[in-house]
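Everything on this sheet refers to the single structure shown next.
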Amino acid sequence: MTTQIGVLVMSYGTPESLEGVKSYYTHIRRGNPPSAEQLKDLKDRYEAIVGGVFPLRENTDRQVKALQEALNRDNKDKDVEYICFQGLKHARPFIEDGVERMAESGINQAVGIVLAPHYSVMSVGGYIKRAKEKAESSGIQMTFVQSYHLHPQLIEALSRRVSARLDQYEEAGANREDVRVLFSAHSLPERILSMGDPYRDQLLETSKAVAEQTGVTSWQFTWQSAGRTAEPWLGPDILDTLRELSKEQVEYVLSAPIGFVSDHLEVLYDLDIEAQSVAAELDMRLMRIESLNNDPSFMAVLSDVVRDRAGELKAGRP
Ligand SMILES: CC1=C(CCC(=O)O)c2cc3nc(cc4[nH]c(cc5[nH]c(cc1n2)c(C)c5CCC(=O)O)c(CCC(=O)O)c4C)C(CCC(=O)O)=C3C
Ligand SMILES: [Fe+2]
């Protein structure tokens with residue numbers, strides 16, 4: 001008999017159209033509508049990166065489909081069938097909708113995974129909390145992948161991307177050693193540090209592992225995309241880091257946003273437009289590594305950690 005295991009694939013979510021930006025932003029702000037100025041600012045940023053479909057929606061759809069294929073393709077347990085459902089934090093289908101759809105399909109065992117490799121109680125922890133609550137009230141036994149920031153195939157996939165760009169710098173006449181690699185991730189409020197949150201350490205671990213595997217010695221970690229609120233956010237921000245590096249006469253920079261797995265606003269706007277324009281002003285050369293998107297080796301990472309959790313479910317110790 002085949003057992004069906006549901007896989008709730010969770011991601012941040014993005015609007016479906018420019019008209020949908022307001023309700024999306026309101027959801028992020030826990031029900032408080034943004035001011036007209038804040039709304040215009042966000043709409044302008046989306047307008048700069050969107051050509052029809054919002055990139056994150058397209059990418060998440062592809063990732064979920066590719067993960068389901070990967071999970072069932074090399075399935076060693078022929079008695080298990082994996083069925084993937086999407087659950088988004090701030091857009092439809094919401095996390096709760098995804099769990100409800102699983103229940104409607106008769107699934108009673110499931111694994112949850114977030115499309116973000118590093119755990120923070122403020123990011124991944126929030127997704128898991130919502131899914132767990134809904135699963136409990138829907139009668140689904142559910143277990144979660146917490147993080148996968150040091151998975152060997154993740155480090156390998158990121159390293160390949162870093163090396164490919166360093167090759168390009170070399171082909172353009174630069175020395176590999178002269179390129180400063182800037183690993184980055186979404187900033188969070190500074191108070192996570194006093195909460196003992198693993199987010200920063202996990203990000204540093206990924207950075208270090210990729211630097212080691214690529215033989216890069218000239219690297220540093222920097223934050224990006226901090227929120228514009230009154231409380232302090234983790235820094236330094238990548239734009240300030242670029243200004244500092246310019247003072248140190250660094251000319252070649254490679255941006256490696258290891259906290260993200262998809263092309264979206266933080267990559268296509270914050271890095272490709274905003275950081276690029278600062279680099280241009282400073283007369284620096286800035287390149288960015290390609291995003292993982294639905295790369296087969298990234299799908300192998302996700303399917304490996306999902307299968308691992310599914311094994312625990314079967315063994316009755318989620
Ligand atoms: C840790 C983290 C990740 C990475 C982990 C993960 O992926 O979960 C992430 C990803 C993303 N963040 C995204 C978009 C936005 N995040 C905002 C605001 C915020 N992000 C926060 C944190 C994070 N965000 C926080 C603490 C806030 C403040 C409000 C709050 O406490 O929640 C705002 C409001 C306006 C602004 O501040 O710019 C927007 C529009 C998109 C979608 C992009 C697209 O649609 O292409 C993605 C993938
Ligand atoms: Fe965000």
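From the backbone N, Cα and C atoms, a Cβ is placed for every residue, glycine too.
TrEMBL: automatically predicted annotations, no manual curation.
Note that the structure is predicted; figures quoted are calculated from it, not measured.
Copied over from TrEMBL, here are the features:
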BINDING   Tyr12, Arg29, Arg45, Tyr46, Tyr127  Fe-coproporphyrin III binding site
BINDING   His186, Glu266  Fe(2+) binding site
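Known features from TrEMBL, placed on the structure.
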residue : record                             : CB count, 10 Å
Tyr12   : Fe-coproporphyrin III binding site : 22
Arg29   : Fe-coproporphyrin III binding site : 12
Arg45   : Fe-coproporphyrin III binding site : 18
Tyr46   : Fe-coproporphyrin III binding site : 20
Tyr127  : Fe-coproporphyrin III binding site : 23
His186  : Fe(2+) binding site                : 23
Glu266  : Fe(2+) binding site                : 22
Which secondary structure state does DSSP assign to His186 (Fe(2+) binding site), in the simple three-class scheme?
strand
C-alpha of Glu266 (Fe(2+) binding site) to C-alpha of Tyr127 (Fe-coproporphyrin III binding site): distance in Å?
19
Rounded to a whole number, how many Å is the Cα of His186 (Fe(2+) binding site) away from the Cα of Tyr12 (Fe-coproporphyrin III binding site)?
12
What binding-site residues in Tyr12, Arg45, Tyr46, Tyr127, His186 place CB under 6 Å from ligand 1?
Tyr12, His186
Can you tell me how spread out the Fe-coproporphyrin III site is, meaning the largest CA to CA distance among Tyr12, Arg29, Arg45, Tyr46, Tyr127, in Å?
25
Per DSSP, three-state class assigned to Arg29 (Fe-coproporphyrin III binding site):
coil
